Amino acid sequence: MEAFNYRGGTLYAEDVALSDIAAEHGTPAYVYSRAAIEQAWRDFDHAFADLPHQVCYAVKANSSLAVLNLLARLGSGFDIVSGGELERVLRAGGDPSRIVFSGVAKTRREIADAINKGIGCFNVESLPELERIQYIASRLDARAPVSLRVNPDVDADTHPYISTGLKENKFGIPLDEAEALYRRRADFPALDFVGVDYHIGSQLTRLDPFIDALDRVLAMVDRLAEDGLRLRHLDIGGGLGVRYRDETPPAPDAYAAALLPRLRGRELDIYMEPGRAIVANAGVMLTRVEYLKATPEKHFALVDGAMNDLLRPALYGAWQAIDPVTPRDGAPTNWDVVGPVCETADFLGKDRSLTLEPGDLLAVRSAGAYGFVMASNYNTRPRPPELMVDGDQVHLIRRRETVDDLLTGERLLED
Ligand code: LLP
């Protein structure tokens, strides 16, 4: 669903004008739509309804407590990558038994905490990690549920920074090594080998890499079954792309339709870890034009949001639409929309054709995923507030940081 629409010449989030939100809460600010988040989660849930399944929302995409709480209320599971994310999910009311714990470098403390809290599964990325979980579980007199994150060596055909399923990436265990580890399961008496997982990359817009990966992993699952190891779940990871500009990623039902024929008739619960596809297009970042500046080469729109608030353009050269909240008449100019941070990489968008005046409000679209979560305090910039629109209601779900917040915890030398 499209949560952000123009009505009477101005952009709304559900039933609230973004200009009203900016007037009350200031800019920059993140604004999310509750209905869009819930609808996207339900799209995954319905798409896989034919089989036992669990949607484990990838917390890293947007870890706001309010977002996690809405998803927990829908019955979501969660994919976490740190002790901090575990704490967030529990505080948001998430069910620990529906948590899978991914990540290549889990610490001893994170592992012990996760066992004590009763998480559903560790997605294990290496032999040393497996040995560490075995050691900690046996000391705690527990049996830890594990899945091996296999690396199916498929080309996800996405940005190299977010491609994870190739041999040369740091993620996962090569399939043949994983298979050998499953066969050695008797060496790990404190571990319960309940599943297998993989995640081949993010912002995928074609189905074939997903299908290739699944086929490779299912072949291993079948060989293990012949050996007497019946895995209970298969976790197909996240990675389904969204439309930022003109991409045409498959919708969750098309994604499910491509995978389900291969999964039917197997006694496997299907887990998935979508992040971006649930929240990206459910959010915008509002920013206001401070100054317009022309050089002989370029026209710059200097706005109050920056790379510290929204890093994706600077880090990946990612393109996110930038729309005027209240479009004005007049001939457009090509603007580089840039922030106040002292870096040439500090841009939100380049060469954007817009008709602008100082003071205009802009909405950077598709900012619900990997937006606020990647924000930093670079240049001692307090991070923006987060707001959740629900119909005609606006909920402040995280207040704007203050400079005092940033300085808490710092100390001068005593002499
Ligand atoms: N599962 C695992 C193990 C992951 O590593 C990730 C994302 C996901 C699930 C969720 O993937 P999604 O459905 O959101 O594509 N910061 C980058 C994206 C990094 C993704 C990292 N892993 C960006 O802004 O594009």
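Any Cβ shown, glycine's included, is placed from N, Cα and C.
Because TrEMBL annotations are produced automatically, they should be read as predictions rather than curated entries.
Marked as domain 'Orn/DAP/Arg decarboxylase 2 C-terminal' by TrEMBL: 30-368. According to TrEMBL, the feature domain 'Orn/DAP/Arg decarboxylase 2 N-terminal' maps to 35-280. The annotation N6-(pyridoxal phosphate)lysine is assigned in TrEMBL to Lys60. Taken from TrEMBL, the feature pyridoxal 5'-phosphate binding site covers Gly239, Glu273, Pro274, Gly275, Arg276, Tyr370. What TrEMBL records for Arg276, Arg312, Tyr316, Glu343, Tyr370 is substrate binding site. Among the features that TrEMBL reports, active site, proton donor is placed at Cys342.
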For the binding-site residues Tyr316, Tyr370, the one whose C-beta sees the most other C-beta atoms within 10 angstroms
Tyr370
Pick the one among the binding-site residues Glu273, Glu343 whose Cβ has the fewest other Cβ atoms within 10 Å in this structure.
Glu343
Cα proximity to Arg276 (pyridoxal 5'-phosphate binding site), best match among recorded positions Lys60, Arg312, Glu343:
Lys60
When the Cβ positions of the recorded positions Arg312, Cys342, Tyr370 are compared with the atoms of ligand 1, which fall under 6 Å?
Arg312, Tyr370
Rounded to the nearest angstrom, how far is the Cα of Lys60 (N6-(pyridoxal phosphate)lysine) from the Cα of Gly275 (pyridoxal 5'-phosphate binding site)?
7
Among Pro274, Cys342, Tyr370, i.e. the recorded positions, the one with its Cα nearest that of Tyr316 (substrate binding site) is Tyr370
Which same-chain residues, if any, lie at least 6 apart from Arg312 (substrate binding site) yet have Cβ under 8 Å of it:
Ala318, Gln320, Tyr370, Gly371, Met374
What average pLDDT does the predicted model assign to the domain 'Orn/DAP/Arg decarboxylase 2 C-terminal' (30-368)?
96
Can you see whether DSSP assigns Gly275 (pyridoxal 5'-phosphate binding site) to helix, strand or coil?
coil
On the three-state reduction of DSSP, what should I expect for Arg312 (substrate binding site)?
helix
Nearest by Cα to Gly239 (pyridoxal 5'-phosphate binding site), of the recorded positions Lys60, Cys342, Glu343, is Lys60
For the residue listed as 'active site, proton donor', which of the recorded positions Lys60, Glu273, Pro274 has the nearest Cα in space?
Lys60
Compute the mean position of the Cβ atoms of Gly239, Glu273, Pro274, Gly275, Arg276, Tyr370, which form the recorded pyridoxal 5'-phosphate site, and then list in sequence order the other residues of that chain whose Cβ is within 8 Å of it.
Ala58, Lys60, Ala61, Ser202, Gly238, Leu240, Ala277, Ile278, Ala369
